[in-house]
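Student: My structure is below; once you've seen it, I'll send some questions.
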Amino acid sequence: MTAKRLSAPTLLLLPAVLVLAAVVVVPLCLSFYSSFTPFRLTRPETFFTFIGLRNYRNILSDANFWWAFGRTVLLLTIALNLEMLLGLGLALLVEKASRGQRVLRTIMMFPMMFSPILVGFQFKFMFNDNIGLVNNALQSLGLTQEAIPWLIEGHLAFIAISIAEIWSSTSIFAILILAGLLAMPKEPVEAARVDGCTPWQTFRYVTWPFIMPFAYIAMTIRSLDVARAYDIVKIMTDGGPAGRTELLWTLVARTAYSDARMGVANAMAYFSILLSIVFTVYFFRKLAAARTQIGAEW
Amino acid sequence: MEANASARLKRRVATVAHRVGLFLAMLFICLPGIWIVLSSLRPTVEILAKPPVWIPQQVSLDAYVAMFSGVGKGGIPVVDYFRNSLIISVTSTVIAIAIGMAGGYAFARYRFRGKSAMFLGLMLTRTVPGIALSLPLFFVYARLDIIDTHFGLILAYVALNVPFTIWLIDGFFRQVPKDLAEAAQIDGCTRWQAFWQVEFPLAGPGIASAGIFAFLTSWNEFALASQLTRSINSKTLPVGLLDYTAEFTIDWRGMCALAVVMIIPALILTFIVQKHLVGGLTSGAVKG
C-alpha cells in the first residue's frame, strides 16, 4: 500500500500508535513472556527457562497477595466515590460564586499541581504522630492528650492514605465537571425554572445528564491513573506497618526491585494491569452510554 | 409581604451557607500547601518543638540557601534536577500535544471502521500502572543503554501522555460544531485552513488544558522516573525529593523547601494557561 492510499484518520493516528506500540505494547509482551519464567535480574540466564504457570500458581495461593489486592480495590472504591461527590460539590460551589471565579478556579486546581510523591510526603508530615499538624492541632484544641499514631497503626494509616489520595484527586473531578457546567447552554436551565422545576429537579433532570459525560471523563482519567496511589503509599508508609497498607503496586515494586524476582513481579503486575483495565472499561462504557443519552454523536 | 420577607431571608441564608462552604473547601485545599511553605521558612527547632509553635518566631530562607549551596554543604544538586525536570516535561508535553491533536481530530471528525475499539485500545495502554510498566522498560532500556538519559524518560512520558491527550482533545473538538468548519470549507478554505482558522481557535482552551494535564503528569511522575534514572544526568525533582530521606531521619525543612521549588513552576504555568480555560467553550459559536 502506498502512502497516498492511507486514509486521513489512519495517517493522523499513526504517530500515536507507533509511540504506544514501541513504549508500551512491545515491552508488555516481553514482560508477559517473562512472567512465565523464574527470571531474576541478578541471573540473566533464567530469562530463558520456561516454567509455565508456576509463578501464577504461587501468587494465587499467597495470602499476602490477596490481602494487597483486596486492600487496593477497597481503597479505590472509597477514594473514587468520595472524589466524585466532593468534586461535584466543589464544582457547583465554584460555579455559583459570582465574584473571584478565576482565583477560585486556580485554587481549586492547586492539589493537581502536587506530585503524588509530594502529596505523600506532605501528608506524612502532617500526620506525623510527634510533630504533625493534625496531632498538634488536636492537642492544642484539647481534643486529645496523647499522640494519635496515624501512620503507625494499620487502620489509621489506611485512613490517612485515603485522605491524602482524596485530597490530591478531587480537583480533577471538580475541574472537569466545572468545565461541563460552563459549557452547558443556559436555555434548558432557564426553561426548567420557568416551567416550575425545583432547584433539585433542575439539577437532577437537566444539569446532571448534561455534565454526566464530563463526570465520566474525569472518572476514566482517574481510573487510568489509579496507580498513582503507589507514589503516595510508597512515601507515607511504604506498605507498613507490617504490610498493613501494602497495595498491589507496592508489592510489585518490592518483589521486583528489592527481591529482584522479576518473573513473579511481572505476573503480579499483570493482575494490577487487569484491575486497571476493568475499572477503565467500566467507566468507558458508562461514558459512551452517557454520551448517547445527551445525543452526542459517537 | 410575609412570603416576600421569608423568601429574602432564605436567599440570604443560602448565600451565607454558600460562602461558608466555599471558604471551608478552599481552606482544606490550601492548608497543606500553606503549611509546607511555612515550614520551609522556619528553623528545624521550631518544627520539632513541643508544645507546637503555631506562630513562626523566626523566619529565614536558610533552607533554600542550604539547598542551592550545592552538594556536600547540606544541599542536593537541585539545579540539575530542576533542569532535567524542565527539559523532560516540556519536550514530552509538546510532542504529546502534537500527536494528540492529530489523533483527537481523527476521532472527532472522521468515521472509520473499528473506531470505538481503536479508542478503547489507546486508552488501555494508559491503564498500565507506571510501576508495572517500569519492569519491562527497565529491562529494555538497560539493553538499549538508554537508562539514565533524557531521551529515555521523554519517550516514556510521551507514551504516557498521548492517550489522554487524545481523549481530551477529541472531546473538545467534538464540542466545536462541525457546521463551522464545513461553512469555512464552502467559503473556499481547504480542510487544513478550516482546521487552523476555525476549529483550532475554538478548541484552543481544550488543547491548553490538555497541555496542562500532560505537563503536570510529566513534571510529577515518580514510579517510572525512580527506576529509569540513576544520577544527576536525568534525575527529576520527584526522585530528588527522596535525597532528603535518610534511613531513619527526614530533613523536613529541606524537603519542604524543595517541595516549594517543585510547585512554583507548575503554579505559574497553570496560572498562565488558566485564562484559556475560561468557560463556555463553544457557547459563543452555538448561540451567536
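Even glycines carry a Cβ here, placed using N, Cα and C.
Taken from TrEMBL, the feature domain 'ABC transmembrane type-1' applies to A:69-283. The transmembrane segment annotation in TrEMBL covers A:12-33, A:73-94, A:106-127, A:156-184, A:205-224, A:267-284.
Burial and contacts for the listed features, if you can.
Tutor: A Cβ distance under 8 Å defines the sequence-distant neighbours of the transmembrane segment (A:12-33), meaning residues of its chain 6+ beyond its ends; these are 6, 266, 269-270, 273.
Residues 80, 83-84, 87-88, 169, 172-173, 176-177, 179-181, 184, 188-189, 192, 197, 276, 279-280, 282-284, 286-287, 290-291, 293-294, 296 of the same chain sit 6 or more residues outside the transmembrane segment (A:205-224) yet have a Cβ under 8 Å from a Cβ within it.
Counting only same-chain residues 6+ beyond the ends of the transmembrane segment (A:267-284), those with a CB under 8 A from a CB of the stretch are 28, 31-32, 35, 55-56, 59, 65, 69, 72-73, 76, 216, 219-220, 223-224, 226-227, 248-249, 251-252, 255-256.
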Student: Go through the chain and flag residues at least 6 beyond the ends of the transmembrane segment (A:106-127) whose CB is under 8 A from any CB in it; none is fine as an answer.
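Tutor: Distal contacts: 90, 94, 133-135, 150-151, 160-161, 163-165, 167-172, 174-175, 178, 228-236.
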